[in-house]
Amino acid sequence: MPQKDPCQKQACEIQKCLQANSYMESKCQAVIQELRKCCAQYPKGRSVVCSGFEKEEEENLTLKSAS
């Protein structure tokens, strides 16, 4: 049986916040920050819900290297 994603709870909280705020991301920054904190605690690949942040970080590093 696969292990539960360690940041699943935070991801669900983001969804709830977005739904409650007409998908205005700016109103959910605190909840998004909590997910980022959770993701920072685990190695890459450990959390499926963190994969978007990991991809974002890689793209930012690539852009910085190119400039």
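Glycine is treated like the rest: Cβ placed from N, Cα and C.
Caution: TrEMBL annotation is automatic and unverified by curators.
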From CYS7, CYS12, CYS28, partner that TrEMBL gives for the disulfide involving CYS17: CYS28
Residue among disulfide-bonded residues CYS7, CYS17, CYS28 with Cα closest to the Cα of CYS39 (disulfide bond): CYS7
CYS7 (disulfide bond) to CYS17 (disulfide bond) - Cα separation in whole Å: 16
Of the disulfide-bonded residues listed as CYS17, CYS28, CYS50, the one whose CA lies nearest the CA of CYS38 (disulfide bond): CYS50
